[in-house]
Amino acid sequence: MLDVKLLRNNFEEVKQKLQNRGEDLGEFEKFGELDKRRRTLIVETEALKSQRNEVSQEIAKLKREKQDADAKIEEMRVVGDRIKTLDIELREIDEKLDMILMSIPNIPHESTPVGESEDDNVEIRKWGEVRTFDFEPKAHWDLGTDLDILDFENAAKVTGSRFVFYKKLGARLERALINFMMDLHSNEHGYEEMLPPYMVNRASMTGTGQLPKFEEDAFLIEAEDYFLIPTAEVPVTNYHREDILKAEDLPRKYTAFSACFRSEAGSAGRDTRGLIRQHQFNKVELVQFVKPEDSYEALEKLTSNAEEVLRRLELPYRVLSMCTADLGFTAAKKYDLEVWIPSYDSYREISSCSNFESFQARRANIRFRREPGSKPEYVHTLNGSGLALGRTVAAILENYQDADGSVRIPKVLQGYMGGIEKIELPK
């Protein structure tokens with residue numbers, strides 16, 4: 001949520017930045033109109049209340065002097081009725097303004113590239129060499145089926161499309177990746193480990209920006225009004241909802257493994273095969289709470305933490321700075337990490353690392369004090385995938401496959417796999 005003072009005092013500047021996002025400005029313009037009406041009502045209400053106070057004193061004086069005060073009393077009855085009417089209208093306008101404010105996205109940081117589509121995202125750097133195969137490589141869904149480590153068919157029978165059973169060494173590979181990522185982030189990168197709830201309430205989804213605008217993308221448990229989490233970002237960020245943190249306790253850095261649940265509304269026909277776009281998938285998340293002046297340095301470090309996973313797995317990747325049109329609702333600046341997937345002959349997103357500045361903190365009321373007794377300020381929040389597990393498995397299967405249909409295990413994972421170096425075709 002944006003600072004309402006920013007909208008009031010810098011309306012045209014904010015409008016231009018939202019235009020750079022490609023936003024429909026209808027709601028934003030409505031905010032300006034309603035806020036102007038609100039200020040007019042406040043001026044009238046305060047004038048009437050001042051008048052009522054003055055006339056009330058006059059009425060009291062008339063009564064003390066045993067003079068007729070009926071006309072003044074009638075005048076104040078009319079004024080009182082008008083104040084009640086104005087107060088009702090003010091409350092209605094405030095409710096509308098709050099709803100509009102919740103629907104306005106974050107303002108892009110000045111370093112975010114201005115663009116009209118994903119084609120305008122800017123490549124920052126690449127790492128690793130894309131492998132050249134001397135045989136026809138298989139897609140990960142075929143590799144997983146042939147190796148008997150992924151079962152999409154029975155998952156579709158048990159649940160439906162966009163689900164998978166991990167089996168045998170496939171399940172063990174997923175578990176190895178989880179442990180490797182959590183160990184790396186907690187032991188070397190300084191994150192505190194968490195295992196969060198997989199269901200959250202409406203206030204939590206609102207705090208991180210999924211609600212009210214993106215409710216159709218979430219899975220709702222209607223009987224309880226709980227949502228299955230789309231990412232561990234939601235419960236971990238809301239861990240500090242309504243908290244006032246101490247400055248000396250910042251930054252707070254958390255890493256959390258969780259299952260994630262997404263309806264993928266609007267994704268019909270996209271990535272229908274394999275692990276790239278599932279309704280349920282596992283992910284290791286990185287979340288930080290920092291002082292405002294530290295947030296952009298923190299974003300670079302967080303992004304590097306996510307990159308380190310790919311470097312140690314020796315998977316080729318690139319980093320993109322996302323343009324204003326591809327920034328997402330809550331971010332002021334965002335980097336995407338894309339890993340090379342041979343079956344797509346392209347890089348595919350495996351992590352997003354974002355600085356939300358105070359956008360989420362205002363919605364969730366997460367603050368800190370610089371000194372005891374000082375006025376609380378909003379923290380800046382950041383998060384990133386460190387990494388998405390299904391896409392990491394897909395990248396390993398495809399990039400580490402051999403001509404005989406087997407898949408080599410990355411060296412960094414072999415210790416987590418009990419020394420297993422290769423997944424071979426069943427005999």
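Along the chain as shown, the residues are counted starting at 1.
Cβ from N, Cα, C; glycine included.
What Swiss-Prot annotates here:
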BINDING   Thr231, Ala232, Glu233, Glu285, Ser385  L-serine binding site
BINDING   Arg262, Ser263, Glu264, Glu349, Ile350, Ser351, Ser352  ATP binding site
Site with most surrounding Cβ atoms, counting all protein chains shown within 10 Å, from the binding-site residues Ala232, Glu233, Arg262, Ile350, Ser352: Glu233
Other C-beta atoms that fall within 10 angstroms of the C-beta of Glu285 (L-serine binding site): 30
Within 10 angstroms of Ile350 (ATP binding site), Cα basis - binding-site residues out of Ala232, Glu233, Glu285, Ser385: Ser385
CB within-chain contacts under 8 A for Thr231 (L-serine binding site), separation at least 6: Ser258, Cys260, Lys283, Glu285, Asn383, Ser385
Alpha-carbon spacing, Ser263 (ATP binding site) to Glu233 (L-serine binding site), which is rounded to whole Å: 17
Among Ser263, Ser351, Ser385, the one of these binding-site residues whose Cβ has the fewest neighbouring Cβ atoms within 10 Å: Ser263
Cα-Cα distance maximum in Å, computed over every pair in Thr231, Ala232, Glu233, Glu285, Ser385 that the record assigns to L-serine: 9
Inter-residue C-alpha distance, Ala232 (L-serine binding site) and Glu264 (ATP binding site) (nearest angstrom): 17
Distance [Cα-Cα, Å, rounded] between Ser351 (ATP binding site) and Glu233 (L-serine binding site): 13
Mapped DSSP class for Glu233 (L-serine binding site), helix or strand or coil: helix
